[in-house]
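In what follows, a single structure is set out as structure tokens and then discussed.
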Amino acid sequence: MVNSFEKSRFLLVKKLLEGEPLTPGEAAQLAQAMLDPSFDNSLKAAALAALRVRGEQPGEVVGFARALRDRAVRVEYGGEVLLDTAGTGGDGLSTLNASTAAALVAASLGVPTAKHGNRSFSSKSGSADVMEMLGYNINHRADRAVRMLSTLGFTFLYAPNYHPAMKAVVPVRRKLATRTIFNLVGPLANPAFNNVQVIGVARRSLMPVIASAASLLGYDAVLVVHGDPGMDEVSVTGETKILEVRRGRIEEYSITPEDLGLPITGLKELRVANAVESAERVRRALSGRGRRSDEAFIAANAAAALYVAGFEKDLKGAAEAAVQAIREGRPAALLEKAVKASLGM
């Protein structure tokens, strides 16, 4: 006999299969069901597939994000500003981990930063892979993350450690082997509850969805970025589309490397073979000894981070500050301290 609770879950899946959108409350209820190991995997797969085929709506992303936040292991940080640079991933371009490096640049200039990230699923190296290769202990606990934010202004939060409930959807996501709503929700579910963020999006069509969801979730400021030729980063190979979210308003514009005072770079120069190469190039770039193309790529993304956090009034000034910090080796010095702190040293 099916109880009323199970029936309500089934009806939500049925609603999706009929092409109807869910309210944020309904989406949160469905997400909570999907994070329950006892909920039927075939219904989980049906719901995820229906959302993907029809196209996820902002309210649905909001509901799923709220459900993940409710289940997260919290990192209790009380500062006025907290930055993240986590994006959706999935661009498949295998470029240097610019958003991870950008987080360190921003933190080295005094912007408190909790970088939320995971291992790679579609690229040669995810943010967690690179941080680990740099010597960082990605498995430290939440209390250490809080101490690091208080003393260094930086920490890295390895997503699986802070979202243990996500284990319940791993088998289904693996079988589907495609992007699902959880890829969109991940950047919006930082367990430290940051209030400013740069969110890279690999598909331009998803930019309004993420921007609207971020607005509904109450962020103070967000830049949703999509760079040529389809990267979830600020690009130095061409134009970057931006949706800027501030106080509930969304503004659309584009920037080029020239607008930031940075050189245009070929995509080939930014590609890496694996996490080892990405980490080594990030290490050299952050110490001011890297390739100029890597420096420009990192500086462009750091500029977005510094601007959204209110460190600089415009993106060009933010890029100049990022380049100066990199050439002075400030992010490398912070990285060294963060690695030691993550290990409890």
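Just so it is clear, glycine is given a Cβ too, placed from its N, Cα and C backbone atoms.
Note that the coordinates shown come from a computational prediction; the quantities given were computed from them, not determined experimentally.
The anthranilate 1 binding site feature in Swiss-Prot is assigned to Gly87, Asn118; the stated evidence is sequence analysis. What Swiss-Prot records for Gly87, 90-91, Thr95, 97-100, 115-123, Ser127 is 5-phospho-alpha-D-ribose 1-diphosphate binding site. According to Swiss-Prot, the Mg(2+) 1 binding site annotation covers Ser99, Glu233. Annotation source Swiss-Prot lists anthranilate 2 binding site at Arg173. The Mg(2+) 2 binding site annotation in Swiss-Prot covers Asp232, Glu233 and rests on sequence analysis.
Cα distances from Asp232 (Mg(2+) 2 binding site) to the binding-site residues Gly87, Thr95, His116, Asn118, Arg119 are smallest for Gly87. According to DSSP, Thr95 (5-phospho-alpha-D-ribose 1-diphosphate binding site) is assigned to a strand segment.
Note: the Cα of Ser99 (5-phospho-alpha-D-ribose 1-diphosphate binding site) and the Cα of Glu233 (Mg(2+) 1 binding site) are spaced 7 Å from each other. Put plainly, the binding-site residues Asp232, Glu233 were compared by Cβ crowding within 10 Å, and the winner is Glu233. Here Arg119 (5-phospho-alpha-D-ribose 1-diphosphate binding site) is compared against the binding-site residues Gly87, Arg173, Glu233, and the shortest C-alpha distance is to Gly87.
For the binding-site residues His116, Arg119, Arg173, the ranking by surrounding Cβ atoms (within 10 Å, all protein chains) places His116 first. Taking the binding-site residues Thr95, Ser99, Asn118 in turn, the residue surrounded by the fewest other Cβ atoms inside 10 Å of its Cβ turns out to be Asn118.
Secondary structure from DSSP puts the residue listed as 'anthranilate 2 binding site' in a helix. Between the CA atoms of Gly87 (anthranilate 1 binding site) and the residue listed as 'anthranilate 2 binding site' there is a gap of 18 Å, rounded to the nearest whole number.
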